[in-house]
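Listed in TrEMBL:
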type     : residues                       : note
SIGNAL   : 1-26                           : signal peptide
DISULFID : Cys36-Cys53                    : disulfide bond
DOMAIN   : 70-221                         : domain 'Cupin type-1'
BINDING  : Asn113, His118, Glu123         : oxalate binding site
BINDING  : His116, His118, Glu123, His167 : Mn(2+) binding site
Amino acid sequence: MMKGSVLMFQVATVALLALACSLAFASDPSPLQDFCVAVDKYDSAVFVNGKFCKDPKDVKAEDFFFQGRLNVARDTSGKQGSNVTAVTVEQFPGLNTLGISLARIDFAPYGQNPPHTHPRATEVLFVLEGTLYVGFVTSNQADGKNLLFTKVLNAGDVFVFPVGLVHFQLNIGKSNAIAFAGLSSQNPGVITIANAVFGSEPPINPDVLAKAFQVDKNLVEYLQKLF
């Protein structure tokens with residue numbers, strides 16, 4: 001009886017482990033756009049979760065090459081004093097299904113890449129030139145707080161921003177700065193917080209924002225006009 005019980009226990013253990021493994025690998029693929037509404041008629045479907053694939057017989061070396069002139073500095077005279085040159089699947093079709101993209105970020109002195117999130121990607125930032133003050137904010141913690149992690153980066157330094165978290169970069173130097181970012185999605189998406197909150201179309205009801213930010217409604221309406 002003892003040997004039989006031990007054998008049954010071992011079988012049950014193996015069965016549970018097999019079930020756990022199957023559940024662990026039975027997750028949905030990561031979304032590659034904000035939404036993908038299902039349709040019953042395939043002939044009316046326009047998008048898939050990603051891009052349609054080229055016939056492998058027609059693929060050429062050029063499909064894996066992108067001449068984006070990422071060595072060229074971009075204009076940073078805008079309000080934020082920065083310019084992001086993105087290389088996602090939209091610009092570089094060869095990235096389709098590979099789960100990766102990149103960007104060059106140019107900063108004027110004291111320019112910033114304002115608080116934003118990438119809903120579908122972790123970002124690894126490499127500073128090529130200059131000095132950047134960077135950071136990210138965690139999701140709501142058990143005590144209701146959001147923790148801020150910051151670091152000053154110099155040329156050659158690397159920093160990682162976890163997927164979906166609000167983060168930023170600020171050039172604290174008196175000269176231009178250049179950084180390159182690698183992102184873990186072919187289409188990471190970007191939500192610039194101020195633009196999304198105050199510049200959505202149609203605009204969010206000012207009463208909602210006034211209560212959320214605990215400010216006067218007139219200030220909210222003023223900010224909405226700016227965006």
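Using N, Cα and C of the backbone, Cβ positions are placed for all residues, glycine too.
It should be emphasised that the depicted structure is a prediction, and the values quoted were computed from it without experimental measurement.
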Site with most surrounding Cβ atoms, counting all protein chains shown within 10 Å, from the binding-site residues His116, His118: His118
Between His116 (Mn(2+) binding site) and Glu123 (oxalate binding site), the C-alpha gap once rounded to whole angstrom: 12
Distance from Cys53 (disulfide bond) back to His118 (oxalate binding site), taken between C-alpha atoms, in Å: 24
For Asn113 (oxalate binding site), nearby residues of its own chain (Cβ under 8 Å, 6 or more apart in sequence): Gln80, Ser82, Val84, Ile105, Phe107, Phe168, Gln169, Leu170
Cβ neighbour count (within 10 Å, all chains shown) around His167 (Mn(2+) binding site): 22
Check: same-chain CB within 8 A of oxalate site center, minus Asn113, His118, Glu123: Ala103, His116, Thr117, Ala121, Leu125, Phe161, His167, Ala181, Leu183, Pro188, Val190
Inter-residue Cα distance where the pair is Cys53 (disulfide bond) and His167 (Mn(2+) binding site), in Å: 33
